[in-house]
Every structure is written in structure tokens, then in C-alpha cells.
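Novice: Can you keep this structure in mind? I'll have questions shortly.
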Amino acid sequence: MSPQTETKASVGFKAGVKDYKLTYYTPDYETKDTDILAAFRVTPQPGVPPEEAGAAVAAESSTGTWTTVWTDGLTSLDRYKGRCYHIETVVGEENQYIAYVAYPLDLFEEGSVTNMFTSIVGNVFGFKALRALRLEDLRIPTSYSKTFQGPPHGIQVERDKLNKYGRPLLGCTIKPKLGLSAKNYGRAVYECLRGGLDFTKDDENVNSQPFMRWRDRFLFCTEALYKAQTETGEIKGHYLNATAGTCEEMMKRAVFARELGVPIVMHDYLTGGFTANTSLAHYCRDNGLLLHIHRAMHAVIDRQKNHGMHFRVLAKALRMSGGDHIHAGTVVGKLEGEREMTLGFVDLLRDDFIEKDRSRGIFFTQDWVSMPGVIPVASGGIHVWHMPALTEIFGDDSVLQFGGGTLGHPWGNAPGAVANRVALEACVQARNEGRDLAREGNEIIREASKWSPELAAACEVWKAIKFDSNQ
């Protein structure tokens, strides 16, 4: 053994395994303004104390490993380690705890959501000491959020680009999502936009399949968009999905969309990946394109209540990575979404400063220091009878997206769009006149349907449609 090796191995080093809590559980720690803070829902294995479980999470998501290593002596663990600084019991749940962990900012690469998630959730979720683990929330310090561009444009710039104010925007996903030719697809786009919608949308899995290659779809949709704009005098958009198998191909599609002069493109940010999404967001800001984000695959990550990651974390990550719209559930449609929790992460998307509010699932006060906001998109099983509730819940800075609720109209696509536009305008006018949308919503829709046969037909078709788990 060389003298150098003897020195390294002998000074202050004791080989073996020791409890994580001896190093990583620090209840006296005072968090810094520059720390990234995380709230984990921890379910320890039987016999594992909550302090050890919380410390294990802090260790395995920062500097720790399963045994002591002599190279610990070559750095300052106190400077770089994550710290579990507080643990609280989850009321009403057996053997579940909220473990609060603080991470020094130096652990993370600037401007990289990919690196942030790789560190915090990349490895620890398979840890044997834990029966289940869920990341409930993150506090992003201002010193870190300022290293991100964020959304390409944000809410106010989008309003100005579209010249549309004072109401939610209306959208529609073209159905059937797969199987249409590019020309028939473009026809549906035209009919919906001509009928009064602001946007139409590629579905998340419409990329470039044999029945409809991306370039053909882009061309026919652009033709439809320009024709509808000419006839209505309104600025229209279609979310052209640029998601592809490689980043290079994705960028090629975005470049072609810009050359066509369309206002907006789309990306599946979870299946496409945060690195690809951030690159696309930067391109969109540099080239004047709005960016619509679909959250395909989110329920794989966020649906389980005790394991995975809450969508509010994915929403914060998207605001940092970049997107002007993101799907956010409906509260009232076919997809899951609890009202207060949904409104909590909607505020995290749109607002500049959000106070801690545990009743809405917000574990930390978040200051975005003027990072542009993201417009939430309500989509999934909604129709004209939902319009009052959606207008009241989501407010003006939202996109209300009716796929089947437009294309399923008994008279066709354009009448379906007319029905939705009439219903929305009626709800906005009623709200502005001081009427209570929550209490008078159905009456408002019935009144409007008396002078709109398209709305009356839609009301009749969907009058008894509900998405209850007991059906």
C-alpha cells in the first residue's frame, strides 16, 4: 500500500454502513432562500422509523450512497448534502409522513429541468427502505428560476398576438384522433375555426403516421386556418404537433411551421422529454411561435396518491422548461381533477406570486419573479352544459377545449363550434352583468339556446351526460 493510499484511507474514515439519519436528518437546520425545498409523502417499510426514511430520501437524492466511502473526505458534505429538516404525520393515513428536504443550489445545473429531476427523483423512488414515495411539491428559489427562460411568450403576449381579450379562448381537438387523411383533417379544422373557435388541435399521438404524414397535415391545416381567418376576421390557430422521434426532426417540423406563418405549435413534453421541450421553447421565443403543451403520460406519474409525483410539480417544471399552454384537467369532465387542488396548480401556472396554502396542496410559497405565465387548458369530456362552471372555475386566462363536444354535434362540426361560442359568450356576458354562474348556469345556457338553434341542439344531445365513477 502506498503512503498516499494509507493517508486517504486512515484520516477520519471508518468503513461500513451507518444510519442515514446520523448525517442527513437535521431538524435544527434553517432553510436558506437559495435552497430548493421538496415535500415528499413517505411511506416507510415496516420497522423503518420516519426519521430514517426521510433522511434516506435526502441522502439518495443528493450526496449519499448505501455505505460510507473514503472520498467523502475529499469534499464538504455539509455544503452539498440534502437535509431532511422536518417530518410531519399525514392526518388520516396510516404510516404516511411528509418529509421536507432542503437541497443546496450548487447541486443543480443552471437552466436544466432535466438535471433537477434526475437529482431529486431520478434514483430514490426504488429505494428498499420505502414502501412508497411521492413528491408533493417543490419550492424553486428565485436564484434558480432566473436561470430559466420559461414560457416562450406568456399570457399577455399571447392575448396581444391574437387580439382577443376579456374571455376564455375556445379550442377543439380534431377527432377521430387517428385515421383521417390530411385533407379531411384540414376540412374539420376549417369547419371548427369558421364556426367560431379560436384554436383547433392535433391530438397528442398525431405525429407522422402512414395515413397522414406531418408535412401534408401542416399544409392542409394552414390552408384551413387562413381560409377561416379571411372569412371571420379573427386570428385563428391550429396546434401543429411538432413532437417527433428525434430532437432534430422535431426542430425541422417547428421550422416548417414558422415558414408557413402559423401562430402556434405543440409538443408532448413528458413523452418528448424536458431537454427537447426546453430547446423547442427557446426556438419558439426566438421565432414568434406560441407553444401548446400536452401532458400525455402524466397519469402514469401523478395518479397514485402515495407514489409518484403530483401534477403541481410537473406544472412548475413545465413553466420553467417553457410552454404557453398546458392541459390542466377540467374538474367537471371525464378526467380526474379535484377542484381546490386543480385551482392550486392553475395558480402556480398563471400567477407571479403564490402563497403557501395546504388546503389547495401548495406546500411552499412560490415567487416566480415575473417569469411569464402559462395558460391552463381544460379538456376532456366537456360540453356546452359545462360552460358556466368552466368559465367560473378557470376565468378568462384559460383555453376551454371541446373535442367531442364540438365534433359530436348532431348537425356537424361548424354548428358544434357555433354552439360552444354562443354558450361561452352568454356565460361571459352573464358574469359581467353580475349573475352567479355557479347557481344560474343552466338557466343562462337555456336562455341563450332560445335564439341559437345550434346551441339548442347541443343542449338536447348532452343534457344527461355525466362522467361518474359509478356509471
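Cβ atoms here come from the backbone N, Cα and C positions, even for glycine.
Swiss-Prot lists these features:
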ACT_SITE  LYS175  active site, proton acceptor
ACT_SITE  HIS294  active site, proton acceptor
BINDING   ASN123, THR173, LYS177, ARG295, HIS327, SER379  substrate binding site
BINDING   LYS201, ASP203, GLU204  Mg(2+) binding site
MOD_RES   PRO3  N-acetylproline
MOD_RES   LYS14  N6,N6,N6-trimethyllysine
MOD_RES   LYS201  N6-carboxylysine
SITE      LYS334  site 'Transition state stabilizer'
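Would you situate these features in the structure and describe their surroundings?
Specialist: Around LYS175 (active site, proton acceptor), the same-chain residues at least 6 positions away in sequence with a Cβ under 8 Å from its Cβ are ASP203, GLY403, GLY404, LEU407, GLY408.
All protein chains shown were included, and the count of other CB atoms within 10 Å of the CB of HIS294 (active site, proton acceptor) stands at 28. HIS294 (active site, proton acceptor) falls within a strand when secondary structure is assigned with DSSP.
HIS327 (substrate binding site) counts 21 other C-beta atoms within 10 Å of its own C-beta, drawing on all protein chains shown. When secondary structure is read from DSSP and collapsed to three states, HIS327 (substrate binding site) falls in the strand class.
ASP203 (Mg(2+) binding site) carries neither a helix nor a strand DSSP state and counts as coil.
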Novice: For the substrate site as recorded (ASN123, THR173, LYS177, ARG295, HIS327, SER379), determine the largest distance between any two Cα atoms, in Å, rounded to the nearest integer.
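Specialist: Greatest Cα-Cα span of the listed binding residues: 36 Å.
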Novice: In DSSP terms, helix, strand or coil for LYS175 (active site, proton acceptor)?
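Specialist: For LYS175 (active site, proton acceptor) - judged by DSSP and reduced to three states - the answer is coil.
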Novice: If you measure C-alpha to C-alpha, which of ASN123, THR173, LYS177, HIS327 (binding-site residues) come within 10 angstroms of HIS294 (active site, proton acceptor)?
Specialist: HIS327
Novice: Given the binding-site residues ASN123, THR173, which one has the fewest other C-beta atoms within 10 angstroms of its C-beta?
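Specialist: ASN123, out of the binding-site residues ASN123, THR173, has the fewest neighbouring Cβ atoms within 10 Å.
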Novice: Quick check for the class: what is the C-alpha distance, in angstrom and rounded, between HIS327 (substrate binding site) and LYS201 (Mg(2+) binding site)?
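Specialist: Just about 12 Å between their Cα atoms.
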Novice: With the Mg(2+) site defined by LYS201, ASP203, GLU204, which remaining residues of that chain have Cβ atoms positioned within 8 Å of the Cβ centroid?
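Specialist: Counting only non-site residues, the set is THR173, ILE174, LYS177, ASP202, ASN205, VAL206, TYR239, ASN241, MET266, HIS294.
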